[in-house]
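Peer 1: Have a look at this one before I ask anything.
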């Protein structure tokens, strides 16, 4: 379980996060919604360790998360276009391996097998040798997900992973995320501007408004008014 308690983040006089507390469970995909500037990205960056909160705590199974425990997939993917899909996925293991392996491009055989398996997990098993720069937007996002999984995290975060994709491709990417969260028993959190895309696969919804947690509800108990209230808050 990932436990967030009293999380507060300030930028000057502005509170980007205001006393956020929530427990996130393994095997569940949580969808984070809210208007632009509501605090979604700040929350994900704090969970990933890219930002340090001013107050509050984050614990994974009762301890402080290690760097490799949490993986974050960005909207743009942050991939290297000149490298193959397989090489990009292998980069996800760098937090667990000596840095000289990246410089020389030498990875253990078991890491290569795992990376190929991750590409299969996201539906790109036949794309290992393709340069990322030649892939479509949806394929790039799936490579980014595979790379995050190569890190062997307990927590998988994705910040607006389908914002630049058409609805059909976006649904496919979200279905891939949901599948690996459940199959690998991960804690999954995805922020979205289009919450309807996640309706078939979400387990839980969290809503932020002005840095405050204003919605926490199982997907089965959610109605349209709940989502509307988050954006009207």
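The backbone N, Cα and C atoms fix where each Cβ goes, and this holds for glycine too.
Predicted, not measured: the structure shown is a model, and the values here were computed from it.
Okay, these came from Swiss-Prot:
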| type | residues | note |
| --- | --- | --- |
| BINDING | 34, 35, 36, 37, 38, 39, 40, 41 | ATP binding site |
| DOMAIN | 2-227 | domain 'ABC transporter' |
Peer 1: Apart from 34, 35, 36, 37, 38, 39, 40, 41, which residues in this chain have a Cβ no more than 8 Å from the mean position of the Cβ atoms of those residues at the ATP site?
Peer 2: 208
Peer 1: Using DSSP reduced to three states, classify residue 40 (ATP binding site) as helix, strand or coil.
Peer 2: helix
Peer 1: Check the binding-site residues 35, 40 for other C-beta atoms within 10 angstroms of each C-beta and report the one with the most.
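Peer 2: Compared across 35, 40, the most Cβ atoms within 10 Å surround 40.
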Peer 1: Can you tell which of 34, 37, 39 has the least company, meaning the fewest other C-beta atoms within 10 angstroms of its C-beta, among these binding-site residues?
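Peer 2: Taking 34, 37, 39 as the binding-site residues, the minimal 10 Å Cβ count falls on 37.
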Peer 1: Return the count of C-beta atoms lying within 10 angstroms of the C-beta of residue 36 (ATP binding site), excluding that atom itself.
Peer 2: 8
